[in-house]
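Peer 1: Residues or ranges marked as compositional bias 'Polar residues' by TrEMBL: 1-13. Residues annotated as compositional bias 'Acidic residues' in TrEMBL: 42-52. Positions annotated as domain 'Major facilitator superfamily (MFS) profile' by TrEMBL: 82-571. Sequence annotations record features per position, and here TrEMBL assigns region 'Disordered' to 1-69. Taken from TrEMBL, the feature transmembrane segment applies to 81-107, 119-135, 147-166, 172-193, 205-227, 233-254, 274-291, 303-321, 342-366, 378-398, 437-461, 547-566 (among others).
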Amino acid sequence: MQNGNSTFHTETSPLLPKPDQHRNLSTHPVDASAGLVPEGADPYDETYEDGSDVEREAGAGEAVPPKQYEGLPDVQKKLKYIIPAIAIGIFLSAADQTIIISTYGIIGTDLKALNKTSWIATSYFLTLTSFQPLYGKLSDIFGRKPCLLFAYVVFGLGCLFCGLARNMSQLIAARAFAGIGGGGMTTVVSILMSDAVPLRERGKWQGYINIIFATGAASGAPLGGILADSIGWRWPFILQAPLCLVAFTAVFFVLKLPKQESSHWKVKLQKIDFIGALVLIFAVFSLLLGLDRGSNLAWKDTITIVSVAVSIPLFILFVLVEMFVASHPFAPGHIIFDRALFACYLCNFFSFSGWLAALFYVPMYFQVVDGMSATQAGLRLIPGVLCGVSGSLFGGFYMQKTGKYYWITVIAYSNLVLGLGLVFLFAGMIVNSTIGIILGMMICAFSNGIGVTTTLIGLIANSDQADQAVVTACSYLFRSLGSVFGVSICATAANQVLRLNLENALNSGEDAAEIARRVRQSLAYIKTLEPGVREIVRDCYGKSTRAAFTVSIVLVGGSAVFAWFIREKKLTR
């Protein structure tokens, strides 16, 4: 067995030059116990005196500027054809997320399980979380193109199963299956772009991809709401299946990549970290099960306690497996615990945990408290989505022009906290203002768009060229873990506050318990209540969503803190 902490890497990306072509890249093992930034050190790794491009290495004096990595010229020449081909999958990935956000209430009402709607997202992110880092290693083993095609097939089938689901359990299972494919639709594309484009240009191209992503996200919310309000919530899922077939066909014929060295399929299978993947799945599932049961049943429930308790040693076991057991880990210790990378990972974790949770509860607030339809709630997400892509483009062009990313990242994540603070205040804390909430979401989206782009470039800049596929995949691992954790913990807080407030506010009536139970299962039921009771219920829902926003603010605060520990390197390769 190879110790993941004892050697830096054993294999290179099949699309990249050999390691000796990048002699200026660090190849020293990293002490996993080291802090994020050494005592007395600043976050910068370079000097910029006289506008020089000289890199400062610890204890090594001045070095010759590293040669600019040129990417894959043949692939770059065909990007104008490749981008439209992969755009379909990117569009679907984005549209799927906002379709879900704008139709939670209708789905939960139709299936009479509104209190379980958070599992529509968490089940998807459960498998997406586990498979995203695997795609980094799998794309090194089997190639970028086969992994991307596999992702399209699985995601398309998963969407079809979602549309055919007859109850919430079937829908949750189908979403989990779709997540296996969803994990590759964005991860592999990001890895592919890192292969093809020089680092300093990477942020700009990421911005272009994010335009496609934003178009899908902006279209998904209103389209999902319109379809759900008219012909039913199942059709937004079903219609994605044939589009996945179109994406598969386009990529199959258009994307031509350099051939990698061939080996027997048994040899390739031996390089897959099955043990690590299984341990991670069980760890995440145990945590989510405990959080869900605690919020919907009771925190003293035996299964709740056991699930949460078991998840802790499972996460520890996952780290140990990746560091000391797996011969080809998909989350190796030298990549996870590298002090220059860990801060970026934590920024991704906390920003996505708070931001995605806010995206989940803002439409719910609009529908319940303000009485909007799913279509109206979805339309009010569009300004934020557009600001998100604007932020990503701004960050990309800023890095291309300056070659720096540290301070813009710090400012971006600080503004993310500010934006969510505005959402909290305008969601009934000081005043109920739809315009105020939209303004807060726009600030959040613009800031997160910058942060997600700059941290990705920071990760690639601080990693060995041969490790960039795994590093990129691990960044998606932390984003997905954050998303799962954020949605679950905010759902826990919201459900707990809703249940307690409903029980206290309705305790004078004979049917108080039944009303409290039914309003947590169906939004439509609220409209059947007497006006006085209806206002009480809406007020309780408002308090529960503010509880979710409070937790979201705390979570994104973590990204603002860890952004200060990011280490800057001049974008020269």
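Keep in mind that glycine also has a Cβ here, set from the backbone N, Cα and C atoms.
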Peer 1: Across the domain 'Major facilitator superfamily (MFS) profile' (82-571), what is the average pLDDT of the model, as a whole number?
Peer 2: 84
Peer 1: Count the CB pairs under 8 A between the transmembrane segment (342-366) and each of 81-107, 119-135, 303-321, then give me the winner.
Peer 2: 81-107
Peer 1: Which range wins on Cβ pairs under 8 Å with the transmembrane segment (378-398): 119-135, 172-193, 205-227, 437-461, 547-566?
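Peer 2: Most Cβ pairs under 8 Å with the transmembrane segment (378-398) come from 437-461.
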Peer 1: Counting a contact as 3 or more Cβ pairs under 8 Å, with residues at least 6 apart in sequence, do the transmembrane segment (172-193) and the transmembrane segment (81-107) touch?
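Peer 2: Checked: the transmembrane segment (172-193) vs the transmembrane segment (81-107), in contact.
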Peer 1: Using a Cβ-Cβ cut-off of under 8 Å, list the residues of the same chain that are 6+ residues beyond the ends of the transmembrane segment (547-566) and lie near it.
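Peer 2: 36-37, 43, 343-344, 346-351, 353-355, 357-358, 360-361, 405-406, 409-410, 412-414, 416-417, 420-421, 423-424, 427, 451, 455, 458, 482, 486, 489-491, 493-494, 496-497.
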Peer 1: Taking residues 6+ outside the transmembrane segment (81-107), which of them lie with a CB under 8 Å of any CB in it?
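Peer 2: Contacts with the transmembrane segment (81-107): 75, 114, 117, 120-121, 124, 148, 151-152, 155, 159, 171, 178, 182, 185-186, 189, 192, 208-209, 212-225, 228-229, 233, 236-237, 240, 243-244, 246-247, 250-251, 254-255, 359-360, 363-364, 367-368, 374-375, 377-378, 381, 385, 523.
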Peer 1: Please determine whether the transmembrane segment (274-291) and the transmembrane segment (205-227) are in contact (criterion: at least three Cβ-Cβ distances under 8 Å, sequence separation 6 or more).
Peer 2: no
Peer 1: Taking a Cβ cut-off under 8 Å, which residues six or more beyond the ends of the transmembrane segment (303-321) line up next to it in the same chain?
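Peer 2: For the transmembrane segment (303-321), the far contacts come to 273, 275-276, 279-280, 282-284, 286-287, 289-291, 293-294, 297, 329, 333, 336.
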